[in-house]
Amino acid sequence: MENREVFVYIVISIFRSLQFLFWRFRPRYNDVTSALTRPLTSAASYDFKFMSYMVNKAKSVNKALEEAVPLREPELKIREAMRYTLLSDGKRVRPMLCLAACELVGGQESTAMSAACAIEMLHASSLILDDLPCMDNDSLRRGKPTNHIVFGESIAILASQALIALAVQKTTSSTFADVPPERILKTVQEMVKAVEGLVAGQQADLAGEGMRFDSDTGLEHLEFIHIHKTAALLEAAAVMGAIMGGGSDEEIERLRSYARCIGLMFQVVDDVLDVTKSSEELGKTAGKDLIAGKLTYPRLMGVEKSKEYAERLNIEAREHLLGFDIDKVAPLVSLADYIVNRQN
């Protein structure tokens, strides 16, 4: 045969082989497509209502947080400051993720509630520190004056440190008849790792202010910041929940990878909202990263490319959920969609 005929023959053969493979694995393909590529609006296909799930989990977490930080003397002022940030209106994404991960691997909500509260305490602590004048210098958080504006910098710092201590205490002081001590130890190790990540990410964030980066080094710098800063607590939330629920090492690592993806995605979306929404819409000061000269995803790649990157991270996050029970994984699939589509 002539070269052209040989080429056509090879192309047709490859096409037929791919067609055979597609039809052979079509049932699995359909499972993956139905589980991982639906938008949030089609979550009803799971017979699963994500917003109701999220609200119910938030109510359970809020009740536990309220009980964990009672007002008492002599540290009344510190506890008022702790409660001010900890109990302020929030979506409770991190504790919800912790509880969902626990349930995904076969555990019960009650088993992971202490860990869920602990992760929210760490989150509240990080918000107080982030807003300080020596850090991000912000005066608005969740639609209210930031902690140091209300209580002063010294009380805010003490409240932040007290929340970290309380997070550890919350995880270790509770006794679980059905949870081996080594699981408790592992959750504490994950918490410590998350705090280390927050510190490293914040330091890199501050160091990068006003610096110029090309596209490659800029993306590398951003990924380092937000894997350690934004993604750290989401990663810890998922892993701690999976550990408490008795997940296997493989399940834990897959959930870690999933959470890292949605953590980065959360930050990409946050950066986009910072330049496209008002302070009233966000409940915090809009455009402050631009004013501070911080490196952000829109600054590095533009708003539209940033949105595309968030969508790619959403797909990647979903891929890490393959193999889990289709019904139990619905909250995490929907959470990824919720994060990529959020407006504040």
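Placement of Cβ uses the backbone N, Cα and C atoms for every residue, glycine included.
According to Swiss-Prot, the transit peptide annotation covers 1-40.
The feature isopentenyl diphosphate binding site is assigned by Swiss-Prot to K91, R94, H123, R142. In this view, R94 (isopentenyl diphosphate binding site) is surrounded by 26 other Cβ atoms within 10 Å of its Cβ, with every protein chain counted.
Positions annotated as Mg(2+) 2 binding site by Swiss-Prot: D130, D136. Just so you know, the Cβ of D136 (Mg(2+) 2 binding site) picks up 21 other Cβ atoms within 10 Å once every protein chain is counted.
D136 (Mg(2+) 2 binding site) falls outside any helix or strand according to DSSP and counts as coil. Taken from Swiss-Prot, the feature Mg(2+) 1 binding site applies to D130, D136, supported by similarity to another entry.
The feature dimethylallyl diphosphate binding site is assigned by Swiss-Prot to R141, K229, T230, Q267, K284, K294, with similarity to another entry given as support. Cβ neighbour count for R141 (dimethylallyl diphosphate binding site) (all protein chains, 10 Å cutoff from its Cβ): 21.
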Which one of these binding-site residues, K91, H123, K229, has the sparsest Cβ neighbourhood, judged by other Cβ atoms within 10 angstroms? K91
Please find, for K91, R94, H123, R142 as listed binding isopentenyl diphosphate, the greatest distance between any two Cα atoms, in Å. 16
Looking only at DSSP and grouping its letters into three states, which state does D130 (Mg(2+) 2 binding site) belong to? helix
What's the most sparsely packed of the binding-site residues R142, K294, counting other C-beta atoms within 10 A? R142
Going by DSSP, is R141 (dimethylallyl diphosphate binding site) part of a helix, a strand, or coil? strand
Between Q267 (dimethylallyl diphosphate binding site) and R94 (isopentenyl diphosphate binding site), find the distance joining the two CA atoms and give it rounded to the nearest Å. 14
To the nearest Å, how far is the Cα of R141 (dimethylallyl diphosphate binding site) from the Cα of D130 (Mg(2+) 2 binding site)? 10
